[in-house]
4 protein chains.
Amino acid sequence: MRSYEVKNRTNVDDIKSLRLITAIKSPYLPDGRFDLEAYDTLVNMQIEDGVEGVIVGGTTGEGQLMSWDEHIMLIGHTVNCFGGSIKVIGNTGSNSTREAIHATEQGFAVGMHAALHINPYYGKTSIEGMISHFNGVLHMGPTIIYNVPSRTGQDIPPHVIHPISQNPNLAGVKECVGNERIELYTNAGIVVWSGNDDQCHDSRWDYGATGVISVTSNLIPGLMKELMFEGKNPTLNSRLIPLIEWLFHEPNPIGLNTALAQLGVVRPVFRLPYVPLPFEKRAEFVGIVKELGRENFVGEKDVQILDDDDFILIGRY
Amino acid sequence: MRSYEVKNRTNVDDIKSLRLITAIKSPYLPDGRFDLEAYDTLVNMQIEDGVEGVIVGGTTGEGQLMSWDEHIMLIGHTVNCFGGSIKVIGNTGSNSTREAIHATEQGFAVGMHAALHINPYYGKTSIEGMISHFNGVLHMGPTIIYNVPSRTGQDIPPHVIHPISQNPNLAGVKECVGNERIELYTNAGIVVWSGNDDQCHDSRWDYGATGVISVTSNLIPGLMKELMFEGKNPTLNSRLIPLIEWLFHEPNPIGLNTALAQLGVVRPVFRLPYVPLPFEKRAEFVGIVKELGRENFVGEKDVQILDDDDFILIGRY
Amino acid sequence: MRSYEVKNRTNVDDIKSLRLITAIKSPYLPDGRFDLEAYDTLVNMQIEDGVEGVIVGGTTGEGQLMSWDEHIMLIGHTVNCFGGSIKVIGNTGSNSTREAIHATEQGFAVGMHAALHINPYYGKTSIEGMISHFNGVLHMGPTIIYNVPSRTGQDIPPHVIHPISQNPNLAGVKECVGNERIELYTNAGIVVWSGNDDQCHDSRWDYGATGVISVTSNLIPGLMKELMFEGKNPTLNSRLIPLIEWLFHEPNPIGLNTALAQLGVVRPVFRLPYVPLPFEKRAEFVGIVKELGRENFVGEKDVQILDDDDFILIGRY
Amino acid sequence: MRSYEVKNRTNVDDIKSLRLITAIKSPYLPDGRFDLEAYDTLVNMQIEDGVEGVIVGGTTGEGQLMSWDEHIMLIGHTVNCFGGSIKVIGNTGSNSTREAIHATEQGFAVGMHAALHINPYYGKTSIEGMISHFNGVLHMGPTIIYNVPSRTGQDIPPHVIHPISQNPNLAGVKECVGNERIELYTNAGIVVWSGNDDQCHDSRWDYGATGVISVTSNLIPGLMKELMFEGKNPTLNSRLIPLIEWLFHEPNPIGLNTALAQLGVVRPVFRLPYVPLPFEKRAEFVGIVKELGRENFVGEKDVQILDDDDFILIGRY
């Protein structure tokens, strides 16, 4: 599929310069379908607080629990409603090359500004296979490669990234392996976003990272903006650590889903296999909000501790 | 799925006032996937010649040969590229209520301005079932109901349309049964578009139709614009009849597909079960183009008679 | 996809000799999914009363309301559970050649004995297109062609059937156009099944039809067996007419769905756009059952008149 | 979906007693579709050499590269052709609970004897979420839980397995973590299959494992049968290690795909992201075959070293 429309062409440099990108949460109605009204509110709050881009259907947004038609629809919806105010980066990656190709074609066709691509998790492949996989999609448009071995079971090593970085469509790397790896890339002129909220301050100010692709910014976009834009600030960074540790106590987005429900900005609906954090952790969150200041968090309702019965867990949707 | 974004809200009156809507052709690459570059060119030519709306994935656009993810993608793509210049009406109808509900939700979510809905063809249902079917989707946004018994095997009778016309989301009816039926509706204040190019002049000027949802306008948008906007013109109307008769000699879009390929604006690729018109009919088309004037047709290449071998027919895509 | 396993090979003659084939009803659970327990009971009752084949996912079985994965699953399930006792004919036809090819490959791969193929309804095509469509699937295995212009909007004329009848995979034609057409084919040695329960007695005994593909046999398999096997019987035929007229008062399977629910053999769950017959028609059915004898109908519960509130109508499933 | 047919009921004890299960390879035609003829040959050779069960669409069979309809079709096909001779275990697991539920329902409906379930890889979840995920599918029929943290990024710890082992549908665990973990389970009376071919001899004879779910048995079913059935045999085990090390030099099934192509039993067609082993490794395989004896491997053609040009790599299929 090819389209020559100028408005579909995003300059890769526009992606490279983004400092704060949120891996946006996907909220649900009680029957498990998307709650687009809540979603639009979430994205609006991100825009108002200075976030420059969103990852749609990342692991945080639970792309792995979407059918592809839901996924592409959500990308198209986000472009249509917010594409003029924020960069829309679709997670059209997959462990199946066929699916990655198809989804990436469709994502660019509906106007996404860039694609996020993961290496083939679970199924895994050889280094040659990994390179073939990425080459199958890189020609389509601006691309961010995502390395998170703790999820994929396989590191994307520098000797894969270096040749790929020659491709003019490579915007950069979302790297979760740590600051040493980040520095290796930034020294070579490769754009990197930290994929770890607890490290992103140092990545940004000490290791050359351009910014962060953040989960925490779903909750405190303004403070994350400050952290990425306003210069080195170890004090602020330290203040955020308890929240970040709470968020990642269980695999993301379990903490985020629980937090946003307790802040009253999304319904307490979970698509399985995600379930809410237990009561004591939910109580802990209220304390964290008070400590950091409710006004720094998204939404306007009082933060509350939800009961077990408040949550709806859904297996068929 | 609910979205409150203002830009997604199209006023139903904006749909009601459209006089010339094209049921746009979907062009293909040699492997059967969409040729979006050609598609964008087609839509651009429509816009330049004054067409006000497009039906995406209608029977003309071969929605019945698309997977739903292709179909919704094409709607989202059209909105993203051209939604500011032309009204995008997605054919999210189906003979399955489930599919109609799902596709219509998705279509509005990616920004389509209105939905086109057909009664349950082939499977058919009772009058009560037909009303339930339409009621399942009418609340979602501006809607055009499409009546074409020669395809569906079942008329949508006035006693179905009249109660539905009370719904503020009903923009109007695309009616193929004839001018008597059209007049019945327009007398009752219901907006109607002719679905028959050979009758649309009279429907518009003598029977109260607002305009036409046209196949022929894919080829001669400017002349169809004149026919719908510039007052009664039986001379022009008569001049167009040979083209229209040629176009509908076989079930649409067989003639249209053949014509656009010979005009050099789409590749000669057919998704089965459509096949090109035979040679003698293809030769006839060249004569019709010369008679009406090449400059009135879309595209700039010389019209040519394609050989059988020029066509690619595809069953797997 | 190719498989050489002998058990997957059904001789086309085994299909040609079937006299009584039921277009089997697909029953649902209250959430709209298949009720396989009820389905298995229905099929078992067919086998016990001498029915020789079932059409899975025909228009009666509401294949048009299934996703293809549901459809193929139901074919595979039927083969797995009953394939040794009854011929399983999957309705893998579609108005999309791509879908027909894919579904037919999958249907034969999971063991169906024959495919039922319809001409491209709704979208329609030329005679050449229709032949290309059928040629795309005929090589895969034993095939029955289904002609029902009142649903498809387009007749399959004899000049399409005659050349196709040379294909050794053509088992025959399910013909709804009438006995004159049937006689035309049977005189030419083409196997025909009547697709009209009200005509099938005459088709069988006076016009050379091999048998019937029946809706009514869902309800009274034993009597239909008698009608097709035990010789000319105008008395029995006349006795059945009131039931058949009641069944087809509204588009099939509305009457059948209502009847089976009132006989207590399926739950009163309808997938939209089908809705139950109104109360007075439901009451009428009880009289018909008493007239013909409850013991001639499937199931063992008393026939009852269901209330409007007893029915569950489902749009999302 | 519920079915009461007796032939669909497999006793969980029939699964528990299997000693040699092959994670069967899925072979492809040059256009990327399944080559069912080659598949049937592969399964037949497994049956002839005494293999008792197959995993259909496991990671070895590249279930992660299948659409779900392909996957369920392959399960249904295997049941239909070979279900009387070998146990068919469908890998209907997923990191999405919805997909796992849907696929497992469909798999049992088409007759699979047991399901293989993985914990939510890539997306991951909490322990509570993992248990909810498994509980969503365990009630449907005999189940094997599969633990492979090197692929999933998350161990299934004993405190998840122990409570689940109380469920009468749990047949056992396919465990890749090692013999210490295996012994922990077998001491507790839980059935375990080794998921590591290089350890399976010891797992079976020294740590209480019932048997192996093997990749290597695709190639040498007879020798693997001997290894699992004929008593402790460290000599044979040592002889097999070079082959096993060769097979797992790159992520499985890269080695297996390369080997079967060179043995002439499948076409050299790879679905990306898998690519063949490089030339030197391909040459090495020929030596290994000669060392172990060609007659111990499946197929009858001479083993050959394929050229790079012999392989077809496919991204769209």
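Just so you know, glycine gets a Cβ as well, placed from its N, Cα and C.
According to TrEMBL, the features are:
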ACT_SITE  A:TYR146  active site, proton donor/acceptor
ACT_SITE  A:LYS174  active site, schiff-base intermediate with substrate
BINDING   A:THR60, A:ILE213  pyruvate binding site
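Checking Cα-Cα distances from A:LYS174 (active site, schiff-base intermediate with substrate) against the recorded positions (A:THR60, A:TYR146, A:ILE213) with a 10 Å cut-off leaves A:TYR146, A:ILE213, in sequence order. A:TYR146 (active site, proton donor/acceptor) falls within a strand segment according to DSSP. Sorting the binding-site residues A:THR60, A:ILE213 by the number of other Cβ atoms within 10 Å puts A:ILE213 first. A C-beta separation below 8 Å, combined with a sequence spacing of at least six in one chain, links A:TYR146 (active site, proton donor/acceptor) to A:GLY93, A:LEU116, A:HIS117, A:ILE118, A:VAL173, A:LYS174, A:GLY195.
Residue density at the residue listed as 'active site, schiff-base intermediate with substrate': 25 other Cβ atoms are found within 10 A of its Cβ, drawing on all protein chains shown. Annotation note: A:ILE213 (pyruvate binding site) sits in a strand segment as assigned by DSSP.
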